[in-house]
Amino acid sequence: MPEHTAASRLRLSGLCFLLQILNILLFAVFVRYSPQSSPGQCPSQLNCSRRNQDSGFQQPRFQDVHIQVLLSFGLLVAFLGRYGAGSVATSILIITFAIQWAVLIQGFFYFFLNGKIYVGAQSIVSADFCTAAVLISTGAVLGRVNPVQMLLLALLEVTLCTLNEYILLSLMGVSDSGRSLTVHTFGAYFGLTVSRVLYQPHKDKRKREEQDTGHQMDVFAVVGTIYLWIFWPSIISATTVHDNDKNWAVLNTYFSLVASTIATFILSPVLYEESTPRMVQIQDATLAGMAVMGMAGEMLVTPFGALIAGFLVGLISPLGFRFFTPVLHSRLKIQDTCGVHNIHGLPGILGALLGTLLTLLATADTYGDRLQIVFPLVAQGSRTVTDQVFIQLSALPLTLLLAILGGCLTGEFCLT
């Protein structure tokens with residue numbers, strides 16, 4: 001056993017060294033600072049609409065996204081008594097590698113010009129979003145993969161996540177600013193597929209892990225939940241520089257969060273023998289309320305519509321833990337350690353369907369000047385509302401297909 005442990009440490013050390021040297025070399029060859037220019041001066045060869053020039057990018061948005069990824073997502077797995085501190089350390093390892101790799105991969109897709117990748121603050125924000133998808137996936141396989149396998153998973157998932165994002169957002173023109181599809185749904189089902197490939201029947205389920213949590217681990221859940229509440233509403237609008245677009249996304253997300261949390265207080269005492277929900281259940285409700293607003297947040301949800309969406313997803317998430325998670329384990333042989341299917345997967349799908357439904361309202365009469373921001377192709381007349389609805393709807397099965405195929409390839413050829 002000591003020899004095996006020493007060999008594992010050396011493998012991790014060696015892989016980290018090789019990957020970091022690879023990143024340094026690729027950065028040296030390809031990466032350059034982006035020109036600090038106005039939109040009118042942006043080279044036509046670059047995808048300037050995707051880049052969202054740093055001249056219009058506010059520093060607080062970068063801080064919100066980065067703190068969210070480092071703290072909130074890192075603490076989401078710390079409540080597990082068996083994996084707590086080690087899982088946070090592994091999350092930091094994944095974050096530090098995935099951000100570098102995502103800057104490179106996304107740079108080749110979006111910011112590549114004359115043989116160079118031009119990066120700025122928005123490049124880091126986009127990389128953070130991709131890293132969040134990887135962290136969601138690792139929540140489904142926590143405890144069954146070692147840090148070396150986690151790095152390999154991040155290496156492949158960042159590439160496939162960027163490909164999915166590029167197809168949806170750039171080629172198809174899907175509106176998904178809060179990333180219901182490209183982060184929450186993709187990350188969840190990529191991780192669940194890897195979990196299925198790596199199925200080990202002797203491993204404990206999340207329910208047993210929750211029984212091992214104590215006061216110290218509940219503190220982690222408290223901190224993670226607070227950070228989600230503070231930073232996520234502004235993160236929903238972090239991919240756009242339009243201030244008038246930000247207001248709807250922030251308001252809709254907050255309304256969804258409050259409703260989903262109330263739903264947990266309604267349902268948890270009915271499903272479990274507890275007078276009040278555990279902090280980890282409130283944390284789950286917060287995540288579900290965020291995910292469902294990822295696509296629809298910037299659309300015409302209306303305040304009462306956001307409350308309804310948050311309330312419904314706040315009911316669906318605990319019901320999923322109570323009834324659907326055992327089915328995943330017993331029938332489909334999927335061990336979902338952190339319950340990402342209930343707090344990211346299902347809410348992400350519901351958010352995509354809600355966004356598709358709201359696309360029917362994408363007219364100049366209902367959106368006014370915002371139509372150019374949310375649905376630019378419709379506003380320009382190059383696409384009808386019906387076409388946009390079809391595009392939004394087709395993005396969901398395409399994301400699921402890429403996530404499942406990518407998870408299968410990753411699990412079969414890299415982690416087994």
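The backbone N, Cα and C atoms fix where each Cβ goes, and this holds for glycine too.
Predicted, not measured: the structure shown is a model, and the values here were computed from it.
Look at TrEMBL and you will find 24-412 tagged as domain 'Ammonium transporter AmtB-like'. Sequence annotations record features per position, and here TrEMBL assigns transmembrane segment to 12-31, 65-85, 92-113, 119-143, 150-169, 219-241, 253-272, 307-324, 345-364, 389-415.
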Same chain only, please: residues at least 6 beyond the ends of the transmembrane segment (12-31) with a C-beta under 8 Å from a C-beta of the stretch. Say none if there are none.
93, 97, 100-101, 103-104, 107-108, 115-117, 119, 146-148, 151-152, 155
Flag the pair the transmembrane segment (150-169) / the transmembrane segment (307-324) as in contact if three or more Cβ pairs fall under 8 Å (sequence separation 6 or more).
no
Taking a Cβ cut-off under 8 Å, which residues six or more beyond the ends of the transmembrane segment (345-364) line up next to it in the same chain?
175-176, 178, 180-181, 183-185, 188-189, 192, 287-296, 299-301, 309, 312-313, 316-317, 320, 371, 374-375, 378-379, 385, 388-389, 392-393, 395-396, 399
